[in-house]
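If you look up TrEMBL, you'll see B:12-35, B:47-66, B:130-157, B:163-180, B:192-212, B:232-254, B:275-299, B:371-390, B:396-420, B:456-477, B:484-501, B:507-526 (among others) marked as transmembrane segment.
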Amino acid sequence: MTAFFLTLYVLIWPVIVAGVLYVLGKAFIQEIRDARREGRPLI
Amino acid sequence: MVPDGAGLHQLGSWTVIGLLVVFYGGTLLMTLFIGRRNENADGYMTAGNKVGFGISAGSMTATWIWASSMYASATSGYTYGISGPIHYGLWGALMILFIYPFGKRIRAVAPKAHTLAEVIYARHGKSSQLMLAGSNIVGSMVSITSNFIAGGALIALLSPFSFTQGILFIGGGILLYSLWSGFRASVLTDAAQVFAMLGAVVIIIPVVFFAAGGSDMFVSGAARLTPQQSNFFSSEAFMNQGAPYIAAVLAYAIGNQTIAQRLFAVREDLIKKTFVTATVGYGATIIGIGMMGVMALYAGVVPLDGDTNNLIPQMAATYLSPVLLGIFLIMIVGALSSTADSDLSAMSSIMMADVYGQNIAKEGKANPKTMLFIGRITMIVATGAGLYFASGQLNILDLLVFVGALWGALVFPVIASFYWQKITNKAFTISVIVALACFIPVRFEWISMGGLTGLVVDLLSIVGIGVVLGLMAFGFFGLKTAKIVAAVAMLAVAPFAIGVLHDYAVLSGSLVAYAVSTLVCYFMCFRNQATFDFASIKDRIGDFDNREEANHSTPGTLLEKKA
């Protein structure tokens, strides 16, 4: 593996983690809004 | 920050106290917003069986990411080179993925269950139930102890506090926010902790990479790697790290009540989405953290005291600024807290549902208040036991190997119990005991592997490979495909495995456990004429708590009642 590909190999994981963080954050906020709108507890 | 004499930096006492107070204080405040004066016993165990996608996926991700998994991934990267973190993180992530098809089946059979052992009780009876529940308890106890040790060691390394003070901070903080609301507190705080953890990973990995020299590190440090370490398809990494972990994929998923609890808690139509997201989240996080081990290898870092568990804190203390070191501390504390609170909830649920609800109370007469009392006492006792074991700094991961084998022996009997009518309680129990009896001498190399013994172990290991891959295929594609996959896998590996596999004690021990439990269970049952109505399980497992004052369908929290 060249230094370029090793750099990509190391730095790709934080990018994927950021994507997961976005998906989870969006869903979490939506669930809080839904619970408030429906007048029920979040959990 | 002051250098500690080993070239590393430390955080000051008040900084560490401030960070822990903010972390555990914030977490406690969250749980007060959902806490009830009259908690519901079923809610304490499964949060009402209808948790949404964001919270459940966040919770599953946070639960599976524990401090030891971060350390182990970095150790794998440091030991086996560039493929090391993949061989740790990828297979660990697949544990989450491969359980969901079985989870959907189990949930369909018992939608209101609280623990997997409870369903096994309805299917078979006490001995099978207590065997599974016992292994769940031991596994959670090992996990919680390991997390306390990781937390204590980290605080001792990064601050002036001692190891003992560190584990007391961690244990007390986790118990404080978990005790009153149980699983409801665990699952909600997990979702918050996952944002802290994943956010820290996004920042810390690139910062360490560039601080350690960036791309130039891979040029200047290339000579430090052996040919195996610099090979992405390293056979050494696969045989010593990857293969034993692939063998453990289903075992850890079946044997861990923290996964089962989330399977029963999430809304039924969201199981697949939740578990696929958690697979990606866990895999990317743990492989990413493992890259710190690879970077340490290229940079020529020597682990402090020769202990590779010090690699991650060492890299952080070497390359991060004081602010980022504080974020790093929160990342590790978040990882170990989210797993430890889940283990506390798992153990309390087993004691509530399996020990009290199914075995002590008369059928249908379980008292919800007594159940809650038992759940809370369990949490206190488990935390105390975890602190006691952690203070001895036992090599707890050796015990995890044994527990993993016990779970491996349980995999076929547990999974088959939800699909195959012919399995009996007797076959379940005997197959697990015989498999364990065969596993122990192979794993701990008590017997010579020369001649016929080595050949028998190799043949059983080949069957074990067929069982593992067959069960994985069965979950997604059904029985016909599973049989084809198992047969092809056994035929494909046989020429390479015979004469070789018995030299790898960890791998062959696990595979023998799978093979023996499957063969014994199958041959004890295949002529059995008895039938079983799976629909009857649904009628035998339901809510324990129908008290009006503990109804959670309307808002009304501890904080609101006090106001």
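Just so it is clear, glycine is given a Cβ too, placed from its N, Cα and C backbone atoms.
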Between the transmembrane segment (B:371-390) and the transmembrane segment (B:12-35), are there three or more CB pairs that fall under 8 A, provided the residues in each pair are separated by 6 or more in sequence?
no
Determine whether the transmembrane segment (B:47-66) and the transmembrane segment (B:163-180) share at least three Cβ pairs under 8 Å, counting only pairs 6 or more apart in sequence.
no
Give residue numbers and ranges for long-range contacts of the transmembrane segment (B:456-477): same chain, 6 or more residues beyond its ends, CB-CB under 8 A.
98-102, 246-247, 249-250, 411-412, 415, 438, 442, 449, 483-487, 489-490, 493-494, 497-502, 507-508, 510-516, 518-519
Apart from its near flanks, which chain residues at least 6 from the ends of the transmembrane segment (B:192-212) lie with a Cβ under 8 angstroms of it?
23, 26-27, 30, 58-59, 61-62, 65, 281, 285, 288-289, 291-292, 295, 298-299, 315-316, 319-320, 324, 327-328, 330-331, 334-335, 337-338
Using Cβ atoms and a strict cutoff of less than 8 Å, what residues sit near the transmembrane segment (B:371-390) while being 6 or more residues removed from its termini?
39, 41, 44-45, 140-141, 144-145, 148-149, 152, 167-168, 171, 174-175, 178-180, 182, 340, 343-345, 347-349, 351-352, 355-357, 396, 544-545
Contact call for the transmembrane segment (B:507-526) against the transmembrane segment (B:232-254), three or more Cβ pairs under 8 Å:
yes
